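Marked as transmembrane segment by TrEMBL: 20-38, 59-80, 96-119, 126-148, 154-171.
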Amino acid sequence: MQLMIISAVTGGITDLSFHAIGYTWQIINCFLTASYSLTLRRVMDTAKQVTKSGNLDEFSMVLLNNTLSLPLGILLILLFNEMDYLSRTPLLQLPAFWLVTTFSGLLGLAISFTSMWFLHQTSATTYSLVGSLNKIPLSVAGIFLFHVSTSLENSASILFGLLAGVFFARAKMQDKSQTRS
């Protein structure tokens, strides 16, 4: 945990500016993401107990997750009058729009299935940490692809993030081996 915090602080030192609203949104995002994964895990465990078979597959969990998100989606569509915009936009006439939209939906479905499988196999803590650690390869790829000059702080942030992931994985493996014996 401390290594993740050190990684975040060393990465944040290189920010060009501090904007309270941006950081507030980021903090809210972190709390909501963690709350979502913990709540989803609790719902998964509860749903397993109330089903006849006592087991939910990934398809059932994806269906449950997407069904639970429908009321909020419908509320936002009505609140921001999206139906009016959709009825007037010429994008709906373009076949490329439908192709990209269909591909995006299938990709989202695949991500949802893999997320549910991963959360089903691990704990909510591991799920959240892996979600955070996936930013490291993205950061490294961004540095190379966009020819970003690196600093000691950027490199330290990536290094501490990697170390945090390694130590967490090692601790999980030791914990698992101790529970087996």
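Numbering starts at 1 and runs along the chain as displayed.
Quick reminder: no glycine exception, Cβ is built from N, Cα and C everywhere.
Curation does not apply to TrEMBL; its annotations are automatic.
Packing against the transmembrane segment (59-80) from elsewhere in the chain are residues 40, 43-44, 47, 109, 112-113, 116, 119-120: each is 6 or more residues past its ends and has a CB under 8 Å from a CB in it. When each of the listed stretches 20-38, 96-119, 126-148 is scored by C-beta pairs under 8 angstroms to the transmembrane segment (154-171), 126-148 comes out highest.
Away from its own ends, the transmembrane segment (126-148) comes close to residues 4, 33-34, 37, 41, 115, 118-119, 154, 157-158, 161-162, 164-165, 168, 172 of its chain (Cβ-Cβ under 8 Å, at least six residues beyond either end).
Tertiary proximity for the transmembrane segment (20-38) is limited to same-chain residues at least six positions away from its ends with a CB under 8 Å from its CB atoms, namely 119, 124, 127-128, 131.
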